[in-house]
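Presented below is the structure to which this report refers.
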Amino acid sequence: MLLQTDQARWEAEMALMGQGRGQRKTLTVGEVEDVKARVDAPRRVREDRRNKAWDDCQSASVATNLDVRCAELKKVETAHSQERTLEAKKPALERAERARCMEEKRCRERERQKIHAEVLQKQMAELKEREEEAKHLARECVLLMREQEHLEMETRQRKMDEKRRKQAELGPHQHASSPNPRHCLNKHVEVKLRQRAREVQQDLEQDKKLLEAMEKADEERSTVAKERCERSLAESRWLCQVLEQQIELEKEREARMVYIPREEAERELQRREEKWERERMARVRLMEQLLEDQVQQVHASLIANRAKWEESIKNREYLIAQLEAEREKEKQEGLKKTMEMERWKDQLAAQVEEKNERFVKENDKRREENDTHRLEEERAEVIAAKMEDIRLTDFNQSFSRPQTAWT
């Protein structure tokens, strides 16, 4: 558009100059300069605009390239900075993670040790209980054996007393002659009655003491045959009451002997002998039955206690074996834990060494990248300087072009 305008203006000026030739043949120097100035003015404006546009383009290109490069360098530097920050934080994060894992492992280990300690405590308490039970059963066995020996001795003693009594009854009775045989007979009967009454009382007292001893043993004994023991205890108490009543009755009979007439003494002796014999036989049968039951109960209790004692000993040995196994297991776990700790230390040392090597390599790589970036920046600056020189050279050449002479 500017070229068309300049061309039209040039043609108009040339036409005016052709029209004026007829009036004026030549132009003065001032007119020529004035015409040249008017003609060169648009060209200079166009040249200025073109140079300015070129400068703007070069400046924009260089600025754009520099901005892009700076943005890229900034991004790279930001990425490297973030990477360095992460690398710097990575050991701390790894240490925190290892610490967390170790803390969780220690918590689990403490919980396991707590449960294990509770189990061991229960086992120790059970072992102590078993030991106390074994001692108690051993003492009961000793007491039962003593009671069994005492009952057997009482049984033998009663048999021996019965044998001596029979021998005494079968022995001869010689009486000296007397001027009054009836008086001597009555006196002998009275003495015999009193003697037999005392013997019966002594037998009753002896049986009563034996029953009281058996009753006390029944109350203190702890056996599996509880019902049988209670029945025997009830029988012993009942028989003891019967013996007490019999003792009181014999004492009353002995007290009434003073008032017995002499003519009835022999008949009374015979009647009492028969009654005493019946009572004695009944008492002997009851005592033998009671002693037999007592011996059987003691024997059953002794067998049961021995079985319990053996079972308690077995349980105690089993618990001791378990405790020994637990101690051995703890020892093995301790050795395993020590080995794991040594292996973990070796792994940690290897990781530290590997991390140091990686850190050195990354530093070298980062240094190379920084050198590369610096070279690129220097190259960009050189290119920008060269482009600026080229722009200035083109600009100078545009003003040093040869001018066309006006005619």
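For all residues, glycine too, the Cβ spot is worked out from N, Cα and C.
Automated prediction, rather than curation, is the source of TrEMBL annotations.
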Stretch carrying coiled coil according to TrEMBL (options 34-71, 110-147, 224-261): 110-147
Per-state residue totals over the region 'Disordered' (355-376) - DSSP helix, strand, coil: 22 helix, 0 strand, 0 coil
Secondary structure content, the compositional bias 'Basic and acidic residues' (152-168) (per DSSP, counts of residues): 17 helix, 0 strand, 0 coil
